[in-house]
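As recorded in TrEMBL, the features of this protein are as follows:
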| type | residues | note |
| --- | --- | --- |
| DOMAIN | 23-69 | domain 'F-box' |
| REPEAT | 197-228 | repeat 'WD' |
| REPEAT | 239-278 | repeat 'WD' |
| REPEAT | 279-318 | repeat 'WD' |
| REPEAT | 319-358 | repeat 'WD' |
| REPEAT | 403-443 | repeat 'WD' |
Amino acid sequence: MSDKPESSKTQLEEDIIEPLFQKDFLSQLPEEVAYRIISYLAPCDLTVCAGVSRTWQRICEDDRTWRKKCLEKGYVKFDAPIFRFLGGWATNRANEQAGITFFSHMDLQEAHQNRREREIEYGQCYERSSWKSLYLRRKRIISNWRSRAIQASTVQKARDDNAVDHIQVQSGRIVTGSNGNTLRIWNVDDAQPAFTLTGHMGAVYTSQVSEDGKYIVSGSTDRTVRVWCGQTGVQRHVLQRHTSIVYRISLHGTTLVSGSSDQTLRVWDIADGKCLHILAGHLETVSCVQFDGKRVVSGAYDFTVKVWNVQTGECLHTLTGHTNPVLSLLLEFDLVVSGSQDGTMRVWDVRRGTCIAILNSHERPYYGMQLRGNSLVACYTGSDVGVWDIREGGSCIHRLQDANGHTFNITSLQLLGSGLLVSSSYDGWVKLWDVDKGIFVRDLVRLQAGKSYQGRQSAGGSKETFD
């Protein structure tokens with residue numbers, strides 16, 4: 001070949017060598033090898049490669065590949081009823097082409113009907129991997145949070161003009177409580193009040209809605225826990241065993257745990273209104289409670305955190321180390337994070353009852369803590385938020401405070417997934433942050449009445465979806 005003219009060599013390469021590279025090597029490889037190769041591509045490249053051929057489409061849209069991409073990003077499947085139907089990414093694309101407007105609150109029957117119409121018109125081209133569907137929908141949601149214009153917001157004032165200090169959003173309803181003795185229920189769709197829960201004789205300090213929306217539970221300074229029908233607002237039970245203020249409650253299914261300043265916790269079956277166990281052992285007011293269905297974790301003004309078996313009422317561990325009252329708790333799988341007035345947060349292994357990290361914030365954790373993987377987000381009495389790495393003893397990665405930050409105390413935090421965080425403050429602003437980078441993203445809501453508890457609602461009641 002070296003003795004031939006340059007033009008002849010070029011022609012030879014085109015005739016003999018180039019055709020070798022025009023073969024579809026991917027389709028000739030064993031499937032497992034092809035899947036392995038394609039898994040190293042970025043999601044945008046996978047989408048392009050899927051258009052090469054039917055074989056490539058099948059390989060590029062394999063559930064295993066997209067599951068890996070979802071796990072790399074920390075995307076998890078939506079809990080029902082948020083994840084209303086499979087193929088949301090395709091549904092919206094098909095809707096746009098068909099001129100169909102699809103609202104998130106549309107009932108399931110109508111959603112299925114629209115989907116059947118699309119399948120008839122477009123065939124099976126939108127029947128893709130469920131994990132790809134999840135990935136693309138998550139990406140769309142994140143993009144919307146970051147850049148989509150906020151079309152409108154509704155501000156509703158409590159009738160008694162008391163500060164709204166806690167909120168729950170569940171099953172299309174919003175439950176708000178204030179330092180008055182009532183709870184108000186609002187419809188999510190039109191932001192109008194549905195009904196008011198009356199019956200408490202003192203200020204309502206805490207409330208929670210069951211996952212199915214069937215029950216609303218509240219605790220008050222009148223020493224009672226009350227159970228209400230979530231659909232009608234009718235009072236079903238008055239639970240009257242505590243001898244002092246009920247500060248905190250935690251509900252899982254129909255099992256409720258209440259913590260009181262009478263130094264005890266009580267386990268209730270809210271379906272029949274019976275007390276199942278009394279958890280006694282704290283020496284001061286129980287200030288915070290977490291319950292995952294099997295274990296109860298409680299923090300108190302006696303500087304301790306206790307772990308209980310909910311079935312037997314037995315105290316499994318007493319976690320000591322704090323030198324001031326424990327004000328906040330977070331229970332995630334086998335980890336517990338406790339925040340204390342001593343300026344530290346401690347991370348505990350629930351199974352062993354041992355402390356695995358001490359995070360020195362030098363400020364009192366005030367309202368909220370959120371855990372995402374190894375990153376802990378906590379707000380303090382000041383106007384900033386700390387992001388901590390709980391591994392290897394714990395270190396502060398970021399302080400979410402800059403020229404665009406809050407100017408008054410932060411009242412609430414809500415992790416949205418994928419490294420996004422919403423915070424609210426007495427200054428009336430609701431702000432969006434990138435936790436991974438430690439930077440401000442944008443302002444979401446500005447309430448006219450600054451320095452109010454109302455700023456808390458937008459974060460505390462935020463939904464992860466923003467389609």
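Including glycine, each Cβ sits where the backbone N, Cα and C put it.
Those TrEMBL annotations? Automatic predictions, nothing curated.
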Worksheet item: When you check the repeat 'WD' (239-278) against the repeat 'WD' (319-358), do you get at least 3 Cβ pairs under 8 Å, counting only pairs 6 or more apart in sequence?
Response: no
Worksheet entry | Distant-in-sequence neighbours of the repeat 'WD' (319-358), which means Cβ under 8 A and at least six residues beyond its ends | 284, 287-292, 295, 297-307, 364-371, 376, 378, 388, 390-394
Worksheet item: Taking all residues of the repeat 'WD' (239-278) together, what is their mean pLDDT?
Response: 96
Practice prompt. Sort the residues of the domain 'F-box' (23-69) into helix, strand and coil with DSSP and give the three counts.
Written response: 33 helix, 0 strand, 14 coil
